[in-house]
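J.: Pulled the feature table from Swiss-Prot, pasting it below:
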BINDING   7, 8, 9, 10, 11, 12, 32, 95, 118, 119, 120  NAD(+) binding site
BINDING   82, 88, 120, 151  substrate binding site
ACT_SITE  175  active site, proton acceptor
């Protein structure tokens, strides 16, 4: 199985590293526009093999998409962060151009690949990749919910003082600090609702911490996080390549699900060899429905900036 990761920065390289040492794919290609950068990252990862015991072939390439041919999954991490003085529309315009070009190039060489979008604003870039390429909706997946849910489980773990892997919890909605919806009502520890252990006040703080989880790390690190994002992408890729059919919150195209249409937004999905195998219909209460509708409106508003690109 072959995975291409476009963008050899911190998130892309971490994703390649995790995929390699976990043996998720037999081959990983890192591609970047910066001369020699992906090659260096790939060589560094390969030199871990004797210490970590993996056999994955990792290679790097500078902007040569022919080397990505035959990829089962392509991960797009390319894009720029928002800079001081830059409007939301300007950021979307620049990153949309990058994502569109990358998606078109990889599809020339891997027409049946499944594309995982990581670039921000993630829901809008996922929608752009879908609309610009015409790829079937099950093969375009935005990663955001996997990361947001991981952060939610981590904060619940800290509040409960219990292992995160014993906690089930999910975040739906847009991948943004005002649009995501941590489903505290449905979170559980070894099958027992966390509401049995944590007060409403604590749960509200956990939800709030989750929503600003990315911003918190940016404040501490001085740049965006990369370990958890890279691992979240690898987790998603693993479910695709090995047909694990895990339930993962992902940004996908909805057509009536949860009362929404013509947007990509985070919803619970079954992820397998065909990409999005199924969108699960979780019964939301009235408050959660209202929050989801508000989140969808915000995502739709972001998508408006794509109109000039998608004509």
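Note that Cβ sites are derived from N, Cα and C of the backbone, with glycine treated the same way.
From a predicted model like this one, the values you see are computed outputs, not experimental measurements.
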J.: So how many other Cβ atoms are close to residue 120 (NAD(+) binding site), meaning within 10 Å of its Cβ?
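T.: Around the Cβ of residue 120 (NAD(+) binding site), 22 other Cβ atoms lie within 10 Å.
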J.: List the Cα distance (Å, whole number) between residue 11 (NAD(+) binding site) and residue 151 (substrate binding site).
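T.: That comes out at 16 Å between the alpha carbons.
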J.: Check the Cα distances from the residue listed as 'active site, proton acceptor' to each of the binding-site residues 7, 82, 88, 120, 151 and keep only the ones within 10 Å.
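T.: Matched binding-site residues: 120, sequence order.
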J.: Would you mind reading off the Cα separation of residue 118 (NAD(+) binding site) from residue 82 (substrate binding site), to the nearest angstrom?
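T.: The separation of the Cα atoms works out to 15 Å.
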J.: Using Cα coordinates, what distance in whole Å links residue 7 (NAD(+) binding site) and residue 88 (substrate binding site)?
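T.: Between the Cα atoms of residue 7 (NAD(+) binding site) and residue 88 (substrate binding site), the distance comes to 22 Å.
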J.: I want to check the contact list for residue 9 (NAD(+) binding site): same chain, sequence separation of six or more, C-beta distance under 8 angstroms. What comes out?
T.: 32, 77, 226
J.: Give the sequence-ordered list of residues that share a chain with residue 88 (substrate binding site), lie 6 or more positions from it, and have CB atoms under 8 Å from its CB.
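T.: Correct list: 82, 302, 305.
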J.: Per DSSP, residue 32 (NAD(+) binding site) is which: helix, strand or coil?
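T.: Residue 32 (NAD(+) binding site) sits in a strand per DSSP.
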J.: Can you tell me the CA-to-CA distance separating residue 151 (substrate binding site) and residue 120 (NAD(+) binding site), as a whole number of Å?
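T.: Counting only the Cα atoms, the answer is 18 Å.
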J.: Among all protein chains shown, how many Cβ atoms are found within 10 Å of the Cβ of residue 7 (NAD(+) binding site), not counting that one?
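T.: Excluding its own Cβ, residue 7 (NAD(+) binding site) sees 25 Cβ atoms within 10 Å.
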J.: Is it possible to get the count of other C-beta atoms within 10 angstroms of the C-beta of residue 82 (substrate binding site)?
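T.: Excluding its own Cβ, the number within 10 Å is 15.
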